[in-house]
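Under the heading NAD(+) binding site, Swiss-Prot lists 196-198, 222-225, 275-280, Glu297, 428-430, citing similarity to another entry as support. Residues or ranges marked as site 'Transition state stabilizer' by Swiss-Prot on the basis of similarity to another entry: Asn199. What Swiss-Prot records for Arg207, Arg325, Ser488 is substrate binding site, and it gives similarity to another entry as the kind of evidence. Sequence annotations record features per position, and here Swiss-Prot assigns active site, proton acceptor to Glu297. The disulfide bond feature in Swiss-Prot is assigned to Cys331-Cys333. Taken from Swiss-Prot, the feature active site, nucleophile applies to Cys331, supported by sequence analysis.
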Amino acid sequence: MVIGAAARVAIGGCRKLISSHTSLLLVSSQCRQMSMDAQSVSEKLRSSGLLRTQGLIGGKWLDSYDNKTIKVNNPATGEIIADVACMGTKETNDAIASSYEAFTSWSRLTAGERSKVLRRWYDLLIAHKEELGQLITLEQGKPLKEAIGEVAYGASFIEYYAEEAKRVYGDIIPPNLSDRRLLVLKQPVGVVGAITPWNFPLAMITRKVGPALASGCTVVVKPSELTPLTALAAAELALQAGVPPGALNVVMGNAPEIGDALLTSPQVRKITFTGSTAVGKKLMAAAAPTVKKVSLELGGNAPSIVFDDADLDVAVKGTLAAKFRNSGQTCVCANRVLVQDGIYDKFAEAFSEAVQKLEVGDGFRDGTTQGPLINDAAVQKVETFVQDAVSKGAKIIIGGKRHSLGMTFYEPTVIRDVSDNMIMSKEEIFGPVAPLIRFKTEEDAIRIANDTIAGLAAYIFTNSVQRSWRVFEALEYGLVGVNEGLISTEVAPFGGVKQSGLGREGSKYGMDEYLEIKYVCLGDMNRH
């Protein structure tokens, strides 16, 4: 009931993927060679013990209670990588009970003891970054270099919160009366339900689990059904690092049942979710009856604003990075490229030339910079957006159609003369399409950029410090990059405003999301 509709779309999309893959397996010999490479990677991961297919409950690897499974596919080839346990209500309730029981002992460890466990987990993640990167490429599709980069990025949150665990400070308040002493304590909120997406199968987990465990909370993770294998591998390394049974549980499979169990259980005191705004709203409503704390990192509609005075090379490089990372499948991707009149044509030409050089292919192939989209439903969405724009007067400079590789590959695309009556200027594309929108003045740029319900990330390219200051103050976004397209880091807060979410992840502020504040008043303190 709670996340059922979205989950069924995701699961249905997976089934569509299998059937479409079957019909598309008459691809080139190049794709068949890719298939062989993926198979060898899968075999290596299995022999290393990192290719787990069971859920983790109470420190034990378990099949689903009814022995049902779901298939995990390689989006580049359509091949089945593994059959993983398809868990539901009963398994999730047991995972919650396990986390609830483990909370007492885990939260009573000293911060230093929890820190050491997290540090060992970080060390293991880094030691296995090649295998984890291969696993990400296998089930999510992004290029191997980018996937290994995600492992380093994801691990950085575990390292950071291993250190931050020892810096959860309370406060002493000057008393209002002479016989009182006033204290403020910070204590872990309790059991956390973490629901994570497919586009960053490792980093979206560590960004939530790191601060949760560091603060003394215990966690039940529900990874995406499309990419559960990375989550399970990370959990295996967490066990090896000494995370005790029950402190970290992983259940996957029947998304509606798992979501409902997490949201309705009074033992779960917090929900943290990364995903679409539509699903986030449903989670908020479902969390209300038990008044859970909720953190939401939701959809974006990021503008990349290129002013006339921008350095053209810097603007092209930064916008390229902001738009085409993970084939455009990130919530902070530049969804709209706003370009001022005086530089519009020059930017369009230079940017298109840069996009033309992107290499599309299987993530395991050397030189690939753009992998497949996650499934056929994602490709169909991109096609719909492009067709809508063209029908309303936009012009395709390059790309604009499925790639000759077939499957779920889509050509990196640049479209000019995009206007605000087109779907792609209003909704998240989540694909490798860059719409170029013309503007005249600074005021126009700010108005266009803010004309959206979203407010996650924005980017500015200008050589004027004064202009950058005026614009980033006026932009209604949680993150702003100035002359830079890749801005997320473990040491800075990540999160949106408006309908892009609640709360922050990363940095010292991310720790506060997993802590309760307790005020203590000591009276009769003048008695001898």
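Glycine is treated like the rest: Cβ placed from N, Cα and C.
What you see is a predicted model, and the numbers here were worked out from it, not measured in a lab.
The sparsest Cβ neighbourhood within 10 Å, among the listed binding-site residues (Arg207, Arg325), is found at Arg325.
Max Cα-Cα distance over the annotated substrate binders (Arg207, Arg325, Ser488) is 19 Å. Looking only at the recorded positions Glu225, Glu297, the densest Cβ neighbourhood within 10 Å occurs at Glu297.
Counting only the Cα atoms, the space from Thr277 (NAD(+) binding site) to Cys331 (disulfide bond) is about 11 angstrom. Look at Gly280 (NAD(+) binding site): DSSP puts it in a helix. Ranking the recorded positions Cys331, Cys333, Ile429 by other CB atoms within 10 A of the CB puts Ile429 at the bottom. Arg207 (substrate binding site) falls within a helix when secondary structure is assigned with DSSP. In terms of C-alpha distance, the listed binding-site residues Lys222, Glu225, Ser488 place Ser488 closest to Cys333 (disulfide bond). Under a cutoff of 8 A between CB atoms, and with a sequence separation of 6+ in the same chain, the neighbours of Ser488 (substrate binding site) are Tyr153, Val332, Leu479, Phe494, Gly506. Highest local Cβ density among the recorded positions Thr196, Asn199, Thr277 belongs to Thr196, counted as other Cβ atoms within 10 Å over all protein chains shown. In the three-state DSSP assignment, the secondary structure recorded for Glu225 (NAD(+) binding site) is coil. It is 18 Å from the Cα atom of Arg325 (substrate binding site) to that of Glu297 (active site, proton acceptor). Under a cutoff of 8 A between CB atoms, and with a sequence separation of 6+ in the same chain, the neighbours of Gly280 (NAD(+) binding site) are Phe273, Leu296, Leu298, Gly501.
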